[in-house]
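In TrEMBL this protein carries:
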- 82-388: domain 'Histone deacetylase' (DOMAIN)
- D159, G209, Y373: substrate binding site (BINDING)
- H201: active site, proton acceptor (ACT_SITE)
- D236, H238, D334: divalent metal cation binding site (BINDING)
- 475-512: region 'Disordered' (REGION)
- 487-512: compositional bias 'Basic and acidic residues' (COMPBIAS)
Amino acid sequence: MAPNMRFMPGPTNGRSNQIVQDWEPQEPWAVDYGDFKNMDADAKEAVIQREADENGIEKPKGYTVSFHYNAEVEYHHFGSSHPMKPWRLTLAKQLILAYGLEYAMDLYQPRPATFDELAIFHDRQYLGFLQSITPQNLDSDPEKAKYLELFGFGGESNDCPVFDGLWNYVSLYSGASVHAAHNLLNHQSDIAINWSGGLHHAKKNAASGFCYVNDIVLAIQHLLTQNQRVLYVDVDVHHGDGVEQAFESTDRVFTLSYHKYGLDKWGAGFFPGTGNINEVGPTDPSNRGKGHTLNIPLEDGIDDEQYKWLFKTVTGAVISKYQPTAIVLQCGADSLGGDRLGRFNLNIKAHGFCVEHVKSFNIPLLLIGGGGYTPRNVARTWCHETAVCTGSELHNNLPMHLPYLQAFDGTENGGGMLYPNLHNTKRHDNQNTREKLQKLVAHAMENLRYLEGAPSVVVNNHGLTEEQIMRIREKVDREMREEAEDKESRESEQGRRRRERNTGGRGEHRFR
């Protein structure tokens, strides 16, 4: 799609959307995908329609769910040995379409974000580097090579490699998140989904942890143009440090992150090494962001019931206290059991419980992806959570017309089921005792106790960035302080003059 194409003003028709065209759906009577992949479009359409009809999948009543996705994002590759596999997005899309969930949503194919849109948060020099760097000119241009370390590239782990199409990749997933936020602002959607987003580690001028551009920050900034308070919730196994850092000095965004904290399996600090329970934002009491961060650090092996209880208890308390007018939920799937990098024991429906619980508050909701390094389970989870959003029930046996069905076959791959036990190949020892979690919740509630009432500000309808808003607020606060100090000074001077005129009077004489 051309970079200068405008965001689509409305949903595409499910029968002609690019997502569906890429899929090549199947017909109900065929035994497997190979038997019917060459059938005409009408026959293919009939397969998915029948799948949706037989399972009662239709648009929910009373609210609208939108799906924001540009299939080009799948075609990028971090490298054969890198754990981040954009192919997981292909699997997720195919599952969502195979079950007929497209009929329950409005589908959008957003354009890539522009340089200027990304620069609302990111440093322009950093973006210029992202835009121009390629594997080919990396070695031939010493000027570019010297910026690698400065901008978070390279290093021993090479978490953020330079690969072909890097700029296109970051523009696509960021454009989808901003467009999803745009739908919420225009009241075209009540729940907007972008599984290709959720890159929560990226900083203003540096790549970090497989993340190059922070689409979450960009989407929240967009939401702030019309929302007084935005709650960001992160269930990725890694701390959402980039988002927390971006909004650390404002009371208009509250960041809540559930993640592993402590040592990894090699005895080193688990990435990114931040997010302890006592990290609640700036320590300066005059900073508006103080107390608007809550981190829930967890140990290896937390199970379904523990996580569900913890999430419901803490998230419910935060929503009640902060009263957000919009919520962004990052659904990183590396918190699943059996993940290549994660260390938790969560099954798919326990992960999906987080979506169910947040959805139950009926607050405009942006749902985005994140981590997840066992692609088949990432796909299963995001398909299930799409169904949660639309109020759909999915059968456990994967549709036979699903492309790449072989990726889910075999006991070690889940036996062709949507909801396999994810502990069938690997289970981590649970180091989260009941006593530890109760103590953690008590500490979290104590942190919340110091949060002032939900801030109320004039809604910004002029497209101002959060940085501009904060500068204006700081100016107003400074003027108010100066006015108060001036008034206090005048009153003090007037009091001194009265006392001088009244020397020896009734008041002074009493204290002789």
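Including glycine, each Cβ sits where the backbone N, Cα and C put it.
Feature map: annotations from TrEMBL on the structure.
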residue: D159; record: substrate binding site; CB count, 10 Å: 20
residue: H201; record: active site, proton acceptor; CB count, 10 Å: 28
residue: G209; record: substrate binding site; CB count, 10 Å: 22
residue: D236; record: divalent metal cation binding site; CB count, 10 Å: 25
residue: H238; record: divalent metal cation binding site; CB count, 10 Å: 28
residue: D334; record: divalent metal cation binding site; CB count, 10 Å: 24
residue: Y373; record: substrate binding site; CB count, 10 Å: 20
Cβ within 8 Å of the mean position of the Cβ atoms of D236, H238, D334: remaining residues of the chain near divalent metal cation: V237, H259, G332, S335, L341, G342, G370, G371, G372
Integer Cα-Cα distance in angstrom, G209 (substrate binding site) to D334 (divalent metal cation binding site): 13
Across the domain 'Histone deacetylase' (82-388), average pLDDT on the 0 to 100 scale: 93
Recorded substrate binding residues, D159, G209, Y373 - maximal Cα separation rounded to whole Å: 13
Entries of D159, H201, Y373 which, being recorded positions, have CA atoms within 10 angstroms of D334 (divalent metal cation binding site): Y373
Other residues, Cβ within 8 Å of D159, G209, Y373 Cβ centroid (substrate site): P83, M84, H201, F210, C211, H238, F271, L341, G371
